[in-house]
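Pulled from TrEMBL, these are the features on record:
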- Glu216: active site (ACT_SITE)
- His215, His219, His225: Zn(2+) binding site (BINDING)
- 47-58: compositional bias 'Basic and acidic residues' (COMPBIAS)
- 78-91: compositional bias 'Basic residues' (COMPBIAS)
- Cys484-Cys501: disulfide bond (DISULFID)
- Cys503-Cys512: disulfide bond (DISULFID)
- Cys707-Cys716: disulfide bond (DISULFID)
- Cys721-Cys731: disulfide bond (DISULFID)
- Cys743-Cys752: disulfide bond (DISULFID)
- Cys793-Cys803: disulfide bond (DISULFID)
- Cys815-Cys824: disulfide bond (DISULFID)
- Cys865-Cys875: disulfide bond (DISULFID)
- Cys887-Cys896: disulfide bond (DISULFID)
- Cys901-Cys911: disulfide bond (DISULFID)
- Cys923-Cys932: disulfide bond (DISULFID)
- 119-314: domain 'Peptidase M12A' (DOMAIN)
- 358-475: domain 'CUB' (DOMAIN)
- 475-513: domain 'EGF-like' (DOMAIN)
- 592-680: domain 'MAM' (DOMAIN)
- 680-717: domain 'EGF-like' (DOMAIN)
- 718-753: domain 'EGF-like' (DOMAIN)
- 789-825: domain 'EGF-like' (DOMAIN)
- 861-897: domain 'EGF-like' (DOMAIN)
- 898-933: domain 'EGF-like' (DOMAIN)
- 939-1101: domain 'MAM' (DOMAIN)
- 1-23: signal peptide (SIGNAL)
Amino acid sequence: MGKAIIIVVVLCLFLQLCHVCLSKNLSNSNGLANGSKNNRHGKGRKKLDPKELDKPLLDENSLEEDMAERTIVYMNGRKIKPKNINRKPKKSQQAQSLDRHPLRPHHAPLPPPNRRKRTFVPEEGVKWPNRVIPYVIQSSTYNNAGTINAVFEEAVSKFNDAGCVKWVPRSSESAYISVVGNQASCSSYVGYIGVSGQTIKLYEYGCVNVDIAIHEMLHAAGTMHEQSRVDDRDKLITYNWGPISSGWEFNYQGFVLSNARQYDLGSVLQYGLWSGSSRVMYANDPDLEYLVTNSKDDLSFYDKAELNAFYRCASDCSNPPTCQNEGFVKQSDGVCSCQCVDGLTGPDCTELDTSPGCGGLLELNTGSSEPISLGPYQTGLMCTWLIKGPEKTKIHLSVDSLDLPTSSSGNCYHFLEIRDYLSGSDGKLVCGNSGGGEFTKMNLGPTNMMVVRFNSDQYSTVSPGAGFVLTATAKPSACSSSPCKYPATCQDGATTDEYTCTCTTGYSGEKCDVIAAAATVTDSFEDDFTTLMRHVKEGTDFVWSTKKYTNMNNAQITASDGSLMAAMEITYFATTFYYAFIAKMETSATFERGDRCLRFDYVISDYNVGGFYVTSLTVRVRSATGTTSQVFNTNTGNAWTMAELDLPAVDDMKIEFECYFGYQDLAVDNIRISPLFCNAEDPCDGVVCQNGGSCAVTSSTTFQCECQDGYTGQYCENNVCFGNTCQNGDCVPTSASTYECQCEEGWFGTNCDVSPCQGVECNNGACVALSESQTECNCDPGWYGAACNVDPCVGVNCNNGDCEALSETETKCNCNPDWYGAACDVDPCLGVSCNNGACEALSETQTSCNCNPGWYGAACDVDPCSAVNCNNGVCESLSETETRCNCNQGWYGEFCNTDPCSAVNCNNGVCESLSETETRCNCNQGWFGEFCNVEDVTYTCDFETNVEPDCFLAESTEDDYDFTRRSGSTPSSRTGPASAAVGTYYKYTEVSGQPVGSVARLESNVEFSAGTYCLSLSISMYGSHIGTLNILTREGTATAVSKVKFTGQQSRSWFTSSTDLSLTPSSKIIIETTKGGNRDRNYRGDIAVDNVVLKTGACPN
């Protein structure tokens, strides 16, 4: 294989690569409305329509959507998000699928120069000369040249406004940017290449947006993706490497960059959280994901700061201003000024951009708090508060109360903007109707500064709420200086110098920077270079990179453990590079002295060019006694190989991995350092340390039981409390070999055998031992004196009360009820006449008469009922001037003289009054009706005799044939009943010989009194030719009306039917049957009735 392949495999991967970088969200990271970027919250902003917030789903590319993603609503004590947030990808997110990586033009590595000093300085070779970037838009590659021209010119205007780097139309420059649109890609090389027509690809169908253009222009200017910052990205984001496929992982690869400012989630260079349909990144604080997902139409505040620092724009300022509160010096066209975070202004960023009458500067002392409140407020406000504390403090903001209006979907109309991330980034928007929110400045950038803004101007047509009350506190924060090393959690203490580090497994010490002799530590580069191994810049030409994939001689290599590995990567920033370049990484933790084993996996590609510039890995172990090293330079066949090195016990040990750049590729992963030599037996195997002790390896051949307090011996078998001399107390170990007696109450001395209360007499009290030589009598209530033998109440006469001792010389009489005076001998009721009541003493000089029921007046001598005649009732007094007659039963009216029954004739019953206007007749037995004038009758037809005096039915003359009286079964088989329902006889219709449809009727023959009756009867309708049975009523000569009707076979057994009938003297009751079947000769249609009963009143339910 020739050298050209080496160049492709090594150089094309490791040289300055171009980047595409469609950040997931490349639109406005800062604006709350369309307007000036540097005063996006100021007056003159476009007002927004509140109705837009009521949409079921917001437009994913709208400003309302960006605000909703930032919103936190505290509603009725709960923290919620707006309901109509749109999760669809924004336009720039959709364009991420067009991301491509054009490789930097390159030449073969050169032989090493004759030089000694090495210091890696990234990005130095990629800056454009004179800070000028000429460009040409290749209009012929676009179908709509007007659109690309307008979009790119807007991007140029915003870029040029950011600082001293200027994009200018090309005149005759040999090196320039060529913008093309006929290739399906959004991409750019990183930095200055120095060739004619260095391309930026902005594909016409998906990439022609201001945000994407700015993203690629920043790459062309020499800046990398935000998520590539290997030094600090793990503080803010977590990768899900699984869905990131080969060919795309370069956009997520970690590099050592020389960034001047903190990691900026809102950067236009920050990639999105999703790649296609897969989630590839998570913000460690989910409430900050809006900084990534929000649209971005300009460079962020920190993008501008990085660009100005990268090109050293302020170096041209003869007298640069001193910018405070995170501001930076911006030099543009020879003018040097401070670029301030939004909300701050002035020549040095110390003035507030705020509406009159609100906002202000809060300068807090360590531990102090101050309130921020506003309410009631007006619309049209944009208020700014700057909260500052001393060094080593962290600003904390609590939302004590909140009443800011929201839409029906939970969007904010008026809101607080709280910047607890970076003061120059967009803050969280807070609104709702309840307090409870807590916000603490992140340990990123100045922790002792926070900007808070209030906006009632965006939706100024919405009525204001009651306002808000906040409390700002400058909490002590020793953690703000990040004292805890390696992956550790820092917990602030009570002062600015107190903190506690919670170490991860394997690390210990006050700052978690010590690796104990018995500890095992690992590094598989999942957290880049933030755990065991740290990259080294001094004495190096390039640095290790963390990668998911690397290609070796056309073979794709993945990590041996986890998702990432450390790979030899000639950085894309190098303009000239050489064979024999070196990169280093080393441990920086302190190793406690002890024998150890170092294991790691490595892979070296199998390309061989005869020994020239052979890639090698040198592992050095430095210590106070010298340096040892081992070189690994044999190819591993493109496969991972594990290496083992014994590390003898030494002081001040450091382990260094040095890569020598040659023809082969190299990667390292899964570094493990464990106690004991690599092949040594564990001295603790089989050792049982007793009483909670633990076995610790002291060398490759020795161990020591580390005992709990109170136990000693080789195996912690000795209890120091065994045989202790504690008499009245417990033995408590104070070290491995000593103890002390913790005495019971009242006992003292080394052995708890001294009781100072012995011999002390406290009479009416109890002795309390204060020390080994001091006692005190605690007296019972009412007793005093050193020996509790003094009763101050002796000789005191309290008459009608009890004596209470207040002190040894003071007493007080507590009087019984109604007695007063110092000696409880004063009765204020003496001589007071209350007539019809009882006297009550209110004080020594005041009394009150409590009157008996019905009596009033100061002396209980007023009876309001004395002049009232209640006739048929009893008078009740309600007050001194009001009375009420409580009437006897049946009487009504104000004076109980109205009897409603006097005009009612209940005939055969008794009248009962229900109210002053309502009565009811309660009828005697055998009578009913409203006035008890209807006799209660019962008619029964059981057909037991031919003539029944109580029967009300007879054969009708208006039918085709008559019912037949019968006992037993009917003559025809398989029809009719087997016997009577009650008694012996019943009536039925014999249908044999009758034509289909012929009718038989029973008709009432008595005159009924008007009223409601219950008709019940037993019915048999069995047979295959059963017709119908119909119960009807008829008034006079009117047409009969059906009340109950049965059709077809019902049951072989008798069944009962009951129905209410409303009858008058002219009513007729008719029981009618109709022959069924379809032929006259059909005979199985016998219908029978029995036990027909008609009673006055409604049927029971």
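Each residue, glycine too, has its Cβ placed from N, Cα and C.
What TrEMBL annotates, mapped onto the structure for a quick look.
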residue	record	DSSP class
Glu216	active site	helix
Cys484	disulfide bond	coil
Cys501	disulfide bond	strand
Cys721	disulfide bond	coil
Cys731	disulfide bond	strand
Cys824	disulfide bond	coil
Cys875	disulfide bond	strand
Cys887	disulfide bond	strand
Cys896	disulfide bond	coil
Cys932	disulfide bond	coil
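Between the alpha carbons (Cα) of Cys911 (disulfide bond) and His215 (Zn(2+) binding site) lies a span of roughly 100 Å. Beyond the domain 'EGF-like' (789-825), the same-chain residues lying 6 or more positions past its ends with a Cβ under 8 Å from any Cβ of the stretch are 763-764, 782-783, 840-841, 843-844. Every protein chain shown contributes to the tally, and the Cβ of His215 (Zn(2+) binding site) ends up with 32 other Cβ atoms within 10 Å. The separation of Cys923 (disulfide bond) from Cys875 (disulfide bond), Cα to Cα, is 34 Å. Rounded to a whole number, the C-alpha distance linking Cys824 (disulfide bond) with Cys803 (disulfide bond) is 10 angstrom.
The DSSP breakdown of the compositional bias 'Basic residues' (78-91) into helical (H, G, I), extended (E, B) and coil residues amounts to 1 helix, 3 strand, 10 coil. Here is what falls inside 10 Å of the CA of Cys503 (disulfide bond) among the recorded positions His225, Cys484, Cys716, Cys743, Cys901: Cys484. The secondary structure of Cys803 (disulfide bond), as reduced to three states from DSSP, is extended strand.
Its own atom aside, the Cβ of Cys793 (disulfide bond) has 14 Cβ atoms within 10 angstroms in the protein chains shown.
Counting residues 6+ beyond its ends, the compositional bias 'Basic residues' (78-91) has Cβ neighbours under 8 Å at 24-25, 27, 53, 55-61, 65, 68-69, 71-72, 209, 272, 274, 293, 295, 407, 409-411, 436-437 in the same chain. In the three-state DSSP scheme, Cys707 (disulfide bond) is classed as coil.
For the domain 'EGF-like' (861-897), same-chain residues at least 6 beyond its ends with a Cβ under 8 Å from one of its own Cβ atoms are 835-836, 854-855, 912-913, 915-916.
In this structure, Cys865 (disulfide bond) is part of a helix by DSSP.
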